[in-house]
Structures are given as C-alpha cells and as structure tokens.
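Quick look at what TrEMBL lists:
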type: ACT_SITE; residues: E30; note: active site, proton donor
type: ACT_SITE; residues: K164; note: active site, nucleophile
type: BINDING; residues: K91, V111, S145, R146, D147; note: substrate binding site
type: BINDING; residues: D143; note: Mn(2+) binding site
Amino acid sequence: MKQFDLKAYMDIAPEVARALEEDKPVVALESTIISHGMPYPQNLETAKRCEEILREAGVTPATTAIIGGRIKVGLSEEELAFMATAKDVVKSSTRDYAHIVAAKANGATTVATSILTAKLAGIPILVTGGIGGVHRGGADSMDISRDLEEIADTDIAVVCAGCKSILDIGLTLEYLETKGVPVVGYQTEAMPAFYTRESGHAVDFRYDSAEEIAALMHTQWGLGLSGGILVANPIPEADAMDADRIEEAIQTAVADAEDAGIHGKQITPFLLSRVLEATEGDSLASNIALVYNNTRLGAAIAKAYAAQA
Ligand code: PSU
Ligand code: MN
C-alpha cells in the first residue's frame, strides 16, 4: 500500500511510527474541529483531552494536520497549540491538500483529508465529532461534502455522532447507501443528529459492542469490499440538547447564510458559529462531550481491531 514516496511529504511522529510498526492500536483525529470548529481555548483543551483519553486506554493518538507544507501524523504540544491559535490555517478538503503542501502552507484537515492522511499512514480508524454531508437544499446546490467520498473510497472506520442537522440527514444517508457505506449505530437503531440522539432516520445496522464493530471491519476488508464504515455514536443522554431549540437555531443560521450569500467551504464554519451564538455556548458543551464519547468508543474499537488481527 505504501507505493508513495511518503517521506518526501509526511512526518509521522515517532510515537505513532512505533505503534504502527508494532501493530499497536492507533486512532487518527482531525484538526478542522480544532482550527475552525471550536473557539479558543476550548478547542485546545478538547484536542489535548482527546489525546489523553486515547493514551489512558493504551491507544496512540495521531492528530493530523499540514504545517508549513508538511503532512503531520501526530502533533507535538506546540503543534497542537499552533493549530488552535494560528490565524493562517486553511480549512483543507481533498482539492486543497496538494496545494497546501506545495505552497508550504498550513492546513487543518477535515474528515476528508484526515482520511487521506490516515490512509497514507496506514491507520484504519478516525474519530471526529460530526461528518460533513449533503447540505439542506443540496439537490439544487450540489453542496455535498467531500467527506462522504473519502469515507466511501477508503478502508477506514469513522466514528462520529452522526451529522448536524445543518445538513439534510436523510439525503446524506441516501448518498452513503449509493456509495456502499454501511452506517452502523452503536447501541442504537436511530441515526443520531450530533446534538441529539435521534434524527428521525434509522441506521442500517445496530451493533452493541466495539468487538462486533471491529469484526465488521475485518470482514468488510477481508471480503475485498474496499471502502469505509460509518459508526454513529449518539451523544450521551445527559449531554444532549433540546431538539426544538437546536432546530430553531439551525433554521435561523441556514437562513442567515443564504441572506449573507455564504457558500462553499465557508458554509459549515459559518453555520457552526451561528448555532453556537444562538445557543449561548450550550452547544459547545454538548459538542465537547460528544467528541470525548466518540474518542472512548474509537479507542475501544481500535483495541478490538488490533486484537482480532
Ligand atoms: N461538522 C461539525 N463540526 C466540524 C465539522 C463538521 O459539527 O468541525 C468540520 C469537519 O472537519 C468536517 C468538515 O469534515 O467540517 C466538513 O466541511 P464541509 O461541509 O465543507 O465539507
Ligand atoms: Mn461543501
């Protein structure tokens, strides 16, 4: 699989390289959530705590980013702080990836480019908060996140809390079905909606343990069916938001985005910050809680996957 001249572009942190070499569990983490998804200092605290949760579970964290044109797999404390505070960090999807590297610029990796990075490094699990998907009105605007393509094209399990209902969750699930991506609900039949445990849509399969999810990964790729698996992990009940309150905030944010003519890569960060303002920060607390919850599940899956190898 390593048919690329990786060393020319990529720096794998020694800790991560060692774990991969020894077939120990490694979990990849994205960095757009740090640079564009949360305000400082909560972004840095969350990023550090996620790494800590993984380490406590005996799993090596590999936060991904592009810094000065180098693709980073595993960040130092200084690099994490840089991603959390620097102003010249570009949100980087697949079409931006080579350009950011060639321009020796700084890029925060979305789910799409975190998957590309994890694939290049050989890491089979990515933990995030929420994935991108088909936007509301996406049938006309064609605003469909590249995240879905990279999940579909890569042998990776992506652990998320579903996707925010800033997106059309029904269309996102349709799209994933077309692309052949199984959507697995962890201990639930309901597709979660990030801040809430249910979206009104169902997942494809309910799985109740990390071991079963790891076995599905081995089976899918053992069968030669290439492509990813989406693991939807609902936010814990205690941290979930009121569905009506969040829906109102989202509808206002979507209308504001339309009025302001926001589109393309700006739209997700715009909607996220509007929802945050409208819920006076409550959404941030929920967001952080679900990221930790996903990290704990990702750790358990990574360990089970390594144990079954
Ligand atoms: N959804 C969130 N928080 C985020 C993102 C999505 O609730 O931070 C980020 C992720 O990095 C995701 C990206 O991969 O936004 C999707 O952006 P777009 O819709 O432009 O593809
Ligand atoms: Mn988009």
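Note: Cβ is positioned from N, Cα and C throughout, glycine not excepted.
Because TrEMBL annotations are produced automatically, they should be read as predictions rather than curated entries.
According to DSSP, the residue listed as 'active site, nucleophile' sits in a coil region rather than a helix or strand. Pairwise Cα distances among K91, V111, S145, R146, D147, which the record gives as the binders of substrate, peak at 13 Å. Within 8 Å of the centroid defined by the CB atoms of K91, V111, S145, R146, D147, the record's substrate site, lie the Cβ atoms of T32, S93, T94, T110, A112, T113, I131, G132, L148, E150, T268, excluding the listed residues themselves. Taking the C-alpha atom of V111 (substrate binding site) as reference, the shortest distance to any of the recorded positions E30, D143, K164 belongs to E30. Checking the recorded positions E30, K91, R146, D147 against ligand 2, not one has its Cβ under 6 Å from it. Reduced to three states, the DSSP call for K91 (substrate binding site) is strand.
Ligand 1 lies within reach of K164 from the recorded positions K91, D143, K164, judged by a C-beta closer than 6 angstroms to any of its atoms. Sequence-distant contacts (6 or more apart, same chain, Cβ under 8 Å) of R146 (substrate binding site) comprise S93, T94, R95, T110, A112, G132. Just so you know, of the recorded positions K91, K164, the Cβ with the fewest other Cβ atoms around it within 10 Å is the one at K91. It is 14 Å from the Cα atom of D147 (substrate binding site) to that of the residue listed as 'active site, nucleophile'.
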